[in-house]
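Student: One structure, pasted below without further comment.
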Number of protein chains: 2
Amino acid sequence: MSSADEKTYDVVVLGAGSTGENVADVVVRGGLSAVLVEEHLVGGECSYYACMPSKALLRGTEAIAEARAVKGAAAAVTGEQDVAATLERRDSFTSNWDDAGQVSWVEGAGIDLLRGTARLDGERTVVVTGPDGTETRLSARHAVAVCTGSAAAVPPVDGLPDVQPWTPREATSAKEAPRRLLVIGGGYVGCEMSFAWNALGSTVTLLQRGDRLLPGAEPQAGDAVLASLRDRGVDVRLDADVTAARRDGDEVVLTVGTEELRGDEVLVATGREARTTGIGVETVGLEPGEYLDVDDTLQVRGLPWLYGVGDVNGRRQLTHMGKYQARQAAAAIVARARGEEVAVEDWSPYTATADRAATPAVVFTDPQVASVGLTSAQAREAGVPHRVVEYPIGSVAGASLFADGYEGTAIAVVDTSREVLLGVTFVGPAVAELLQAATIAVVGEVPISRLWHAVPAYPTVNEIWLRLLETWRG
Amino acid sequence: MSSADEKTYDVVVLGAGSTGENVADVVVRGGLSAVLVEEHLVGGECSYYACMPSKALLRGTEAIAEARAVKGAAAAVTGEQDVAATLERRDSFTSNWDDAGQVSWVEGAGIDLLRGTARLDGERTVVVTGPDGTETRLSARHAVAVCTGSAAAVPPVDGLPDVQPWTPREATSAKEAPRRLLVIGGGYVGCEMSFAWNALGSTVTLLQRGDRLLPGAEPQAGDAVLASLRDRGVDVRLDADVTAARRDGDEVVLTVGTEELRGDEVLVATGREARTTGIGVETVGLEPGEYLDVDDTLQVRGLPWLYGVGDVNGRRQLTHMGKYQARQAAAAIVARARGEEVAVEDWSPYTATADRAATPAVVFTDPQVASVGLTSAQAREAGVPHRVVEYPIGSVAGASLFADGYEGTAIAVVDTSREVLLGVTFVGPAVAELLQAATIAVVGEVPISRLWHAVPAYPTVNEIWLRLLETWRG
């Protein structure tokens with residue numbers, strides 16, 4: 001260890017995904033020095049294996065469906081999607097899994113980048129082993145931010161690890177559609193990938209352990225996505241418990257109840273686990289494999305110099321929430337480095353309050369599911385006095401103009417004591433862009449009485465806001 | 001007059017467009033009796049001659065363009081729009097100009113409907129002449145609401161009235177595309193109709209008197225629409241002053257400078273005028289042809305029993321703002337009828353504050369223009385301390401996923417003393433549905449510091465919100 005290169009920075013960031021990049025960027029803008037340590041691709045899961053490629057796989061199918069849903073326009077859509085071109089487009093969004101563009105952004109932002117694997121070695125110290133085996137010992141004057149993210153969790157099914165299942169990484173980066181794709185898990189990744197590969201030519205079977213898809217969302221969401229997947233020919237099985245997996249030649253064979261299902265690939269999309277193994281957390285008294293336990297400023301409890309930001313803390317595993325946490329944590333790091341007071345109350349510039357109160361999420365299936373804040377079930381569990389208001393989006397003039405036979409639902413959960421929105425869910429074609437209005441209403445705690453003045457432009461789909469208010473008024 | 005039928009209602013509403021319908025609906029829900037008087041179609045301009053048919057004419061073109069903008073999907077769009085099917089779809093949105101559906105809604109809402117022409121005959125009195133010549137004398141216990149709207153204004157150009165120009169009515173209801181369409185006026189109607197008929201097969205020439213299209217919007221909006229119309233082959237002429245018009249056989253001939261332009265139809269889209277002629281306003285001391293001068297509760301100044309709601313007051317001539325005014329005015333009418341206090345301060349349940357502070361408007365061209373609140377020019381004129389923040393929408397990941405080569409601009413006008421948004425304009429494909437978020441932010445006066453917590457879902461076009469905030473922070 002004596003031969004190791006030694007360097008000191010104000011802030012050492014483990015992991016150069018979008019979360020780590022944002023932590024480093026904001027602390028550097030705040031006048032601190034920062035180094036990013038990355039063992040794989042700068043830019044992280046989102047850029048190469050999640051949001052970007054998955055949405056690129058889905059967008060062509062969506063655009064075609066939208067044109068087909070308009071009488072007059074439908075006549076123009078006489079051909080089929082060019083799958084090779086869609087895959088090529090997906091590749092361009094991942095820069096063909098080359099991170100040169102991201103690296104040049106990091107350099108331009110005044111952030112140092114160190115390639116290699118990082119592990120904590122006691123307080124404020126990180127040892128990096130480079131690709132050539134050289135070690136660098138990093139000392140952090142103010143903070144170490146762990147932004148190592150999460151990895152796909154493979155459930156304890158007999159034989160499953162041995163069949164080399166697809167994780168979301170392989171599902172989003174596959175070079176061609178498998179003939180038969182088995183999908184384990186009916187959360188948003190399972191639903192999106194079933195939708196995408198079905199449209200791109202695979203015969204898809206989706207196996208969901210519970211009795212509903214998208215179990216965390218309002219039930220109308222899972223029901224609508226289920227109906228749509230089945231309409232499109234996806235074989236969706238609910239209450240399907242996979243008990244064993246094996247390879248038979250080129251085939252994957254899954255045991256589900258008394259049945260054997262055969263496919264060419266199997267995607268496991270049953271959840272994530274913290275990437276806290278092999279990074280030395282045990283040298284500072286933490287448990288490898290556990291999520292980092294952080295407060296609202298993303299500071300690890302009991303270790304004021306250590307921050308856990310993004311997927312690694314298990315609060316909200318979404319790219320945009322990781323970036324949000326990054327901004328809040330970095331602001332706290334900068335303020336504390338300056339000896340300034342860090343306000344820890346809700347909605348301060350240093351707290352990730354939206355993690356609890358207003359996390360937006362979109363499932364890019366058809367229909368899309370866009371939600372923010374509390375669902376009706378969550379409001380019930382939290383014991384908040386509330387009323388649920390629902391309205392069919394297809395009855396809004398703007399929606400019927402958008403697509404013939406538009407079907408969708410909007411669900412608002414209203415706090416009846418404060419008369420503010422606790423949460424909103426939209427289910428329907430192209431509802432993703434409706435969400436920000438709900439997010440601002442929830443985060444801004446805009447009273448219902450004021451929302452009446454936020455007139456939706458006619459005839460847009462957003463007229464759903466007026467219909468929800470009218471339904472609320474009764 | 002002695003033989004006239006006489007009836008008394010709590011509220012008499014002149015004009016059964018969407019504004020009049022909403023006034024009547026809300027007062028009836030408030031326990032008052034109401035009659036709607038209509039001489040033409042129940043449902044008004046919007047349903048038959050404006051929003052609905054114009055958007056139906058435009059939507060097919062838009063959906064096709066959106067699919068063509070996605071590599072992979074573009075391959076499926078090998079045909080052309082079926083113009084006859086698009087016109088048929090338009091006809092279905094106007095119910096083939098049959099108002100039976102609207103009439104049955106009126107009846108179901110417990111509102112009386114009287115067909116005929118109405119004229120005021122002194123305080124609280126309206127005389128209606130039915131289609132068969134019979135007269136009905138209506139007395140209003142509490143209020144008369146004039147919701148007669150506006151009509152297309154034909155500018156004083158020599159010979160123009162005699163060539164039987166199209167107004168927006170004919171432009172939205174035409175049964176086929178004219179071979180050559182001349183359009184006078186580069187506001188939102190002129191731009192939308194140029195866009196629509198060009199796509200449906202007409203050769204279009206658009207004549208704008210000023211040096212910019214959409215003169216009320218941020219200049220980037222008019223510039224982008226101008227470039228797009230020209231790209232699509234519309235002959236747009238700025239600073240084009242039409243000095244004379246005549247018919248030459250089936251042709252219309254316009255004199256513009258030293259040139260003569262020939263077309264098969266000419267659309268005049270140069271503005272609106274109040275429909276206050278022939279409705280007896282002179283019997284209560286008002287001037288026919290003038291807009292009704294109202295306060296924020298839409299009460300005509302000096303005549304507490306008379307309300308002017310919607311286009312007829314000239315405040316904001318948009319369907320959704322007419323309906324908004326209707327809700328506020330009707331709430332005031334009901335409260336005053338009950339002898340309750342009517343709060344006249346901003347954002348009360350009785351005042352149409354958004355008319356001044358937060359009127360949303362969308363131009364459904366490609367690019368679309370969606371705006372709310374103050375433009376930078378209006379903030380400057382109002383002397384409000386402000387800063388303008390601008391960001392190219394195409395640089396947002398969600399936009400590049402939506403369409404290859406997405407081009408657009410977002411412009412936010414921020415009040416630098418209160419640190420709230422005064423106005424926002426989006427220019428780009430499919431930005432219409434982004435607008436409600438801005439409307440809620442402006443109306444809710446949500447502080448910039450709180451908007452940082454309104455995290456946009458990644459990767460949606462709404463990530464523009466984060467980029468605007470980052471640009472604001474600098």
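Cβ coordinates come from backbone N, Cα and C, glycine included.
Quick paste of what TrEMBL says about this protein:
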BINDING   B:K55, B:T148, B:G149, B:S150, B:D311  FAD binding site
BINDING   B:G185, B:G186, B:G187, B:Y188, B:V189, B:G190, B:C191, B:E192, B:G271  NAD(+) binding site
DISULFID  B:C46-B:C51  disulfide bond
DOMAIN    B:9-325  domain 'FAD/NAD(P)-binding'
DOMAIN    B:359-465  domain 'Pyridine nucleotide-disulphide oxidoreductase dimerisation'
Student: Chain A sits near which of the recorded positions B:C46, B:C51, B:K55, B:G149, B:C191, counting only a Cβ gap under 8 Å?
Tutor: B:C46, B:C51, B:K55
Student: Roughly how many angstrom lie between the C-alpha atoms of B:G187 (NAD(+) binding site) and B:G149 (FAD binding site)?
Tutor: 19
Student: Taking B:K55, B:T148, B:G149, B:S150, B:D311 as the record's FAD-binding set, what's the max Cα pairwise distance in Å, rounded to a whole number?
Tutor: 23
Student: For NAD(+), with binders B:G185, B:G186, B:G187, B:Y188, B:V189, B:G190, B:C191, B:E192, B:G271, what's the maximum Cα separation in whole Å?
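Tutor: Farthest-apart Cα atoms in B:G185, B:G186, B:G187, B:Y188, B:V189, B:G190, B:C191, B:E192, B:G271 are separated by 14 Å.
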Student: Give me the non-local Cβ neighbours of B:G149 (FAD binding site): same chain, 6+ apart in sequence, Cβ-Cβ under 8 Å, ordered along the sequence.
Tutor: B:G15, B:G17, B:T19, B:G44, B:E45, B:R275, B:G310, B:D311, B:V312, B:G322
Student: For B:C191 (NAD(+) binding site), write down the residues of its own chain that are at least 6 apart in sequence and whose Cβ falls under 8 Å from its Cβ; none is a fine answer.
Tutor: B:L206, B:L213, B:L214, B:V225, B:L229, B:V363, B:T365
Student: For the recorded NAD(+) site formed by B:G185, B:G186, B:G187, B:Y188, B:V189, B:G190, B:C191, B:E192, B:G271, which further same-chain residues have Cβ atoms within 8 Å of the site's Cβ center?
Tutor: B:V183, B:M193, B:L213, B:L214, B:A269, B:T270
Student: So for B:C51 (disulfide bond), how many other CB atoms are inside 10 Å of its CB?
Tutor: 25
Student: Let me know how many other Cβ atoms fall within 10 Å of the Cβ of B:V189 (NAD(+) binding site).
Tutor: 24
Student: Give the residue from the binding-site residues B:K55, B:G271 that has the most other Cβ atoms within 10 Å of its Cβ, counting over every protein chain displayed.
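Tutor: Going through B:K55, B:G271 one by one, the largest Cβ count within 10 Å is at B:K55.
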Student: What does DSSP call B:G185 (NAD(+) binding site) in the simple three-state scheme?
Tutor: coil
Student: Would you identify the secondary structure of B:C46 (disulfide bond) according to DSSP, in three states?
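Tutor: In three-state terms, B:C46 (disulfide bond) counts as helix.
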Student: When you rank B:G185, B:V189, B:G271 by Cα distance to B:K55 (FAD binding site), which of the binding-site residues ends up on top as the closest?
Tutor: B:V189
Student: Please report the distance from the Cα of B:S150 (FAD binding site) to the Cα of B:C51 (disulfide bond), rounded to the nearest angstrom.
Tutor: 14
